[in-house]
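According to TrEMBL:
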type: ACT_SITE; residues: Cys319; note: active site
type: ACT_SITE; residues: His378; note: active site
type: ACT_SITE; residues: Asp401; note: active site
type: BINDING; residues: Asn441, Asp443, Glu490, Glu495; note: Ca(2+) binding site
type: COMPBIAS; residues: 1-12; note: compositional bias 'Polar residues'
type: DOMAIN; residues: 311-404; note: domain 'Transglutaminase-like'
type: REGION; residues: 1-31; note: region 'Disordered'
Amino acid sequence: LKPTSRTSTPTGLNGRRALPPNVSNEEEDEVPTMETIGLMPRGFTLKDALEVQEIFLFNREYDRNKREHHTDKYYNLKLIVRRGQPFHIQITFTRQYNPEKDQFWIEYVIGRYPQENKGTYIVVPLVQELQSGKWGATITHSNDRTIDLNVMPAANCIVGKFRMYVATLTPAGILRTRRNPNTDTYILFNPWCAEDSVYLDDEQERQEYVLNDLGTIFYGDPESIRTRSWNFGQFEEGILDACLYLMDKAQLDLSGRGNPIKISRVGSAMINSKDDEGVVVGSWNNMYEYGVPPSVWTGSVDILLEYHSSKQPVRYGQCWVFTGVFNTFLRCLGIPARVVTNFSSAHDNDANLQMDFFLDENGKVDSHLTKDSIWNYHCWNEAWMSRPDLPVGFGGWQVVDSTPQENSDGMYRCGPASVQAVKHGHVCFQFDAPFVYAEVNSDVVYLKAMKDGRRIVQKVDKTHIGKLIVTKEVGTNRMKDITGLYKFEEGTEEERLALETALMYGVKTHRAQDVVPSTEVDMDFVVGDTTLGNDIKVKITFKNNSQTRYTATAYLSGNIVFYTGVAKCEFKNHNFDVTLEPMKAQTVEVLIKSSEYMSQLLEQAFLHFFITARVNETENILAKQKTIALKIPPLVLKVNICSCMRFIALYRQNHTNLFHCRDVGRNLTWESKCIPKREGPQKLMASLSCDALRHVYGELDIHVQKTVPSCTSL
């Protein structure tokens, strides 16, 4: 017995009879309260029927359902449960329930065109004993007119907001409860359920990757790694509905919303606005007149709520903003997720595993021929799920990336790509594994561009790309190195086999495997104190490993770069000669004055140094490049106890105060007040942005006590 749809089947010359696509969780159709079956029996009245008087869902945050389902943190008064795990409800009838005569059942409906075979209309059978991972309901207690039930959702059911009805069978037909929004029930993914496709067997990891609403994002460069906290805020008021709206906006059919593969792939497209008017507009040109600079954001809540209310993309974001918002989306729906940073990340347009840097015959960089860029760092997400579409062993962490870089199946999205498949070179497995493999495994190739058109490989650097891949450690804010999850150590048999596998599966390459770099002369350099506003010393060391005396002509180019590795302008151009005595090292120091770079700085204050040298006697070219992040002064935050325990900008309150000031001198001080909503550890975060300086950030850990003492002032 199914609800009767009041919507007629569309007519036309399409030769088919089908319902329209069911792509909206929010839309609904009328379900009849009375479905008659045959003729009304003589003498029967509805007063004799078993009718529902009240339904109690135990949906408060302190009730058993939310506590047992780990949903007690959601700021939402409706029942929120996880699939594959029973929850408790109580039904009161208008008269005593007689199991020998009376028949009732529970119905869950989602969307406008519910169908039982699509999982959008569910009749929950009354059973003697619940079966693991399958829909069912069992009576646990009966007292006069009230019965208690345990209801088990299927472990693979649709994730979303369901409408609930209780139906009773009467001699006249089916009698249903009326539409009541208070009984709406959210069903989420369940990492605690072994039958769920997102099952995660470690409790500490579940606490971190599902329930932790505050994270740490790492950025900068490997030698000067910076951190900033990010408020995911997946439990805040309105966020769950905003995340469900994203799937409606993407027109993902409701029948596919029980599949984390489909949801994460749709999410990676919807978080950016590139081709579908998604959540965040990306901007990498340092121009933010029509919105908020990416560095100002400290969390996802304001972004998602603004998008949900305005239905317009929010301006602006860069990779860590896309990643932070995507992490909120995944964790909010119950998919374990974490933020990952890849330092020296290759953006390989043609997936040939090669970043080509062209040098002229004198060793200077040819900017016209050099088109590849290396991102100083790039952030993406990993989502935990099984992969039944792949061979056994490729489930677990999957790369999903919402930063719009390359088109995938007609949209700007990436993943899910199995991390295990990337490591072992199985790039034939969907989705977008070749692109991710290239991000962490490309070679940096230096080629001499000859005047006759020849390209001569001078050096191949196999360790520059993907040199460090990190995430937040479980239970702490420390950094965890996960490079070994993505790639084998360079030069090992396993690394060679992974490369051969990738090549076998069609990854293009022009890698110069047979190039044997000269070891007679080596060159390296270090950059001294990199505090913003100070002069910088670059020390270049040449080492002659031969018995021959050489001379070299060297060239240093200093550039202001975006964090994507794209140069804005050159601020330093310096040539020098060096004599290399046999079996000795020679160090040359180049001074960079602050006045040379300060006026041209971009928001993240990255400087890129490219040093090349031509050994005159052999015409061999040495090349080395590094990107450094200048040390930016932090914001210092303090908390004062005043008038009834009011605090400044707490992350769990998710209320952002915006201040404007005309001029900033050496010191800037402002005050803000707010009232914390929750007890326990909390974090205060602040960011400062101006045209001359961005990514100025500070945070402070505080603890809010449950009881508020009498008003005091410190």
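Any Cβ shown, glycine's included, is placed from N, Cα and C.
Nobody curates TrEMBL annotations by hand; they come from automatic prediction.
Here the structure is a predicted model, which means the values were calculated and not measured.
Cys319 (active site) sits 6 Å from His378 (active site), taking the CA atoms of both as reference points. Note on the domain 'Transglutaminase-like' (311-404): mean pLDDT across this stretch is 93.
Residue pair Asp443 (Ca(2+) binding site) / Asp401 (active site) shows a Cα separation of 22 Å. Cα of Glu495 (Ca(2+) binding site) to Cα of Asp401 (active site): a span of 24 Å. Each residue contributes its Cα atom, and for Glu490 (Ca(2+) binding site) and His378 (active site) these two points are 21 Å apart. Between the candidate recorded positions, Asp401, Asp443, Glu490, Glu495, the densest Cβ environment within 10 Å is the one around Asp401.
The Ca(2+) site, placed at the center of the C-beta atoms of Asn441, Asp443, Glu490, Glu495, has further neighbours from the same chain whose C-beta lies within 8 angstroms: Lys462, Thr463, Ile465, Lys487, Leu499.
Secondary structure by DSSP for the domain 'Transglutaminase-like' (311-404): 15 helix, 39 strand, 40 coil. Every protein chain shown contributes to the tally, and the Cβ of Cys319 (active site) ends up with 27 other Cβ atoms within 10 Å. Rounded to the nearest whole angstrom, the C-alpha distance between Asp401 (active site) and Asn441 (Ca(2+) binding site) is 17. Taking CA atoms as the reference points, His378 (active site) and Asn441 (Ca(2+) binding site) are 14 Å apart. Around the Cβ of His378 (active site), a 10 Å sphere holds 28 further Cβ atoms from the protein chains shown.
In this view, Asn441 (Ca(2+) binding site) is surrounded by 26 other Cβ atoms within 10 Å of its Cβ, with every protein chain counted.
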